[in-house]
């Protein structure tokens, strides 16, 4: 029997997690998956309860679990505390401690939401791209880092961006193999676009060269292209459907995946997976804790529900259950139900609903 650790976290985390758990329990019963759910603390609520953003008990339970489902962490309540104790440090630590090096973010536009995007329909209709982000290296984890006082009394902040060939090869393999899988399913040619700033950063010059060597030695059937990060930001808006799989480092991936989220109409629609080398993972929505709307029953639970779908697909290899959730989400959108973030007030026949009503509507499609 497999175990899933749920970590609701802060802000809207508990609201969206409640809906995701209901959906998970439904598919667990319907497909006889044999999954057991546990819960734990992370982020600000963990700081309030234990003094630590990632309590040792939570970390040990996460290590023992087969997968982790996360809501959201952080909020202004904890902005003034010591940096090492802030909620976001718990998220960084659990990723690092579990070896979750590969972050997968799917930017898929549901046809029902084409008018919710700020981009012209002809540019984004049919969008389905995957961003593979290296998650445990780069400038977010590089040492040395800190804030120091210079001899003249001025303060200076500094960080280090560093990648080894083994780290680059590891994330590259994930990207190339996912491109092969996606191409086989779609009946298209496999392609990967590697994002760097090799023109100014030596670390990404190594990134680019390592990707080239990996493709030539092991993945010659996958077309590999390269793009500077600043141009990639522009091209995502200009012509997003030119991409299938994008692979990049931690910092650029953080920026590009949030940009890609808005192509779909709302970051509230985007799930993500963070995987280790064995396929064990942590699954979470791409959005943050949104403390400004917490407790108001207006958050969009669909990204978290779709994160459950990704979990079933990538960790538990339950494709039928994963597709059932995705179809249920699509059916609810067909019914015209919209949370406020994806509501087009100029489109007739739409029904504004809250977090709970949206989640229960998806659940009803699965029962």
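Using N, Cα and C of the backbone, Cβ positions are placed for all residues, glycine too.
Sequence annotations record features per position, and here Swiss-Prot assigns NAD(+) binding site to 75-88, 288-300. Other C-beta atoms found within 10 angstroms of the C-beta of residue 298 (NAD(+) binding site) number 18, with every protein chain shown included.
In sequence order, 130, 131, 133, 253, 257, 260, 261, 270, 271, 272, 286 are the residues of the chain that are 6 or more apart from residue 105 (substrate binding site) and have a CB within less than 8 Å of its CB. Annotation comment: Swiss-Prot describes 95, 105, 133, 230 as substrate binding site, evidence class sequence analysis.
The site 'Important for catalysis' feature in Swiss-Prot is assigned to 140 (among others). Other Cβ atoms within 10 Å of the Cβ of residue 140 (site 'Important for catalysis'), summed over all protein chains shown, number 18.
Within the same chain, residues at least six positions away from residue 197 (site 'Important for catalysis') with a Cβ under 8 Å of its Cβ are 204, 228, 229, 230, 252. As annotated by Swiss-Prot, site 'Important for catalysis' applies to 197 (among others).
If you look up Swiss-Prot, you'll see 230, 254, 258 marked as Mg(2+) binding site. Secondary structure from DSSP puts residue 258 (Mg(2+) binding site) in a helix. Counting every protein chain shown, 16 other Cβ atoms lie within 10 Å of the Cβ of residue 258 (Mg(2+) binding site).
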Shell of the Mg(2+) site beyond 230, 254, 258, same chain only (C-beta within 8 angstroms of their C-beta centre): 229, 233, 251, 252, 253, 255, 256, 257, 259
DSSP state at residue 75 (NAD(+) binding site), helix/strand/coil: coil
Whole-number Å value for how far residue 254 (Mg(2+) binding site) lies from residue 140 (site 'Important for catalysis') (Cα to Cα): 10
Helix, strand or coil at residue 298 (NAD(+) binding site) [DSSP, three-state]: coil
Residue pair residue 258 (Mg(2+) binding site), residue 75 (NAD(+) binding site) - Cα distance, angstrom, rounded: 18
Residue, out of the binding-site residues 83, 95, 133, whose Cβ gathers the largest set of other Cβ atoms within 10 Å: 133
